[in-house]
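Novice: Here it is, the structure, as structure tokens.
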Amino acid sequence: MTDKLPLALFLMGPTASGKTELAIRLRQRYPVEIISVDSALIYKDMNIGTAKPDERELSLAPHRLIDILDPSESYSAADFRRDALQAMDDIVAEGKIPLLVGGTMLYYKALLEGLSPLPAANPEIRQQIEQEALTKGWSVLHDELKEIDPVSAARIHPNDPQRLSRALEVFRISGKTLTELTQTKGDSLPYRVKQFAIAPKDRAELHRRIELRFDKMMEAGFEEEMKALYARKDLHPDLPSIRCVGYRQMWEYLDGDCTRDEAVFRGICATRQLAKRQITWLRSWNDLTWLDSDNIEQALETMSEAIASD
């Protein structure tokens, strides 16, 4: 049955690992169309700090699901799954192969496994929880979560109000715990997927790449890009767009919480932490072929062979 399903390619990897270069090279060789799997690239006017493909790169290889939202908007894994499935269907209808490229592992997971039937956010209940936090403190609410959902409470730190609030909200809306609901899987992906991950073999090399890229972003005008966002006055640090690595730290600088140099240092450190989390995800991933960032030609041949042999 799976042999009759259309082929899709996943090209995953930590930030600054060379995914975009490899994807563009692959598109020049095969009838693939790129879908971005990146929770930062979805935002308009956030080009430099996200290392978004530039005009030349996009002319060589258009990317779907970039520049689709204003930074004031939110976008969930469910939104991504819906949009990615539509894009994949469109690509297959054109007789081409979907190539999904990026490092937002939660999006890949949602696409592969489907989504748990979690209730939509309820502003009234969320506001009620925030009010309780103001009067009682988040530690008391964390104790409440321990009583109803000890598994989630063990994973969520008392100083993580966003995740703590969501866990309580889910229970109050549905009467079921976050743990119960997340163990219920949705629809699996109706494609034959070949999965690849690219990264340098040496972690120090990845750190060097991250620092170099951040420095280049600053030279390219990241501070000016951030100032334009800051000046809008309708954005704030709790938005997913401003929580993106680099943007959060530059916002702190513009808010007067740190110096420019401190913001750059914090941004580099945060990007390294992101890369570490991405690699941790990938090491636990099944059916994955690893590629070496330091040998793009070999990586290209490996992916080419996978397509040609299909």
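Using N, Cα and C of the backbone, Cβ positions are placed for all residues, glycine too.
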Novice: In Swiss-Prot, which of the ranges 127-131, 162-166, 257-261, 292-296 has the region 'Interaction with substrate tRNA' annotation?
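Specialist: In Swiss-Prot, residues 162-166 carry the label region 'Interaction with substrate tRNA'.
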Novice: From 99-104, 117-122, 213-218, 243-248, which range did Swiss-Prot mark with region 'Interaction with substrate tRNA'?
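Specialist: The range carrying the region 'Interaction with substrate tRNA' annotation in Swiss-Prot is 243-248.
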Novice: Are there residues at least six beyond either end of the region 'Interaction with substrate tRNA' (243-248) with Cβ under 8 Å to its Cβ atoms? List them, or say none.
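Specialist: Distal contacts: 15, 39-40, 43, 46, 49-50, 214, 217, 222, 226, 229, 237, 267, 270-271, 274.
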Novice: Since the record lists Gly13, Pro14, Gly18 as binding-site residues, which of them has the fewest other Cβ atoms within 10 Å of its Cβ?
Specialist: Gly18
Novice: Among the recorded positions listed here (Lys19, Arg126), identify the one with the smallest other-Cβ count within 10 Å.
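Specialist: Least crowded of the recorded positions Lys19, Arg126, by Cβ count within 10 Å, is Arg126.
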Novice: Please list, in sequence order, every residue of the chain apart from Thr15, Ala16, Ser17, Gly18, Lys19, Thr20 whose Cβ lies within 8 Å of the Cβ centroid of the substrate site.
Specialist: Gly13, Pro14, Glu21, Gly103, Ile198, Arg209, Ser293
Novice: When DSSP is mapped onto helix/strand/coil, what comes out for Gly13 (ATP binding site)?
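Specialist: In three-state terms, Gly13 (ATP binding site) counts as coil.
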Novice: Using an 8 Å cut-off from the Cβ centroid of Gly13, Pro14, Thr15, Ala16, Ser17, Gly18, Lys19, Thr20, can you name the remaining same-chain residues around the ATP site, in sequence order?
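Specialist: Other same-chain residues with Cβ inside the cutoff are Gly103, Ile198, Ala199, Ser293.
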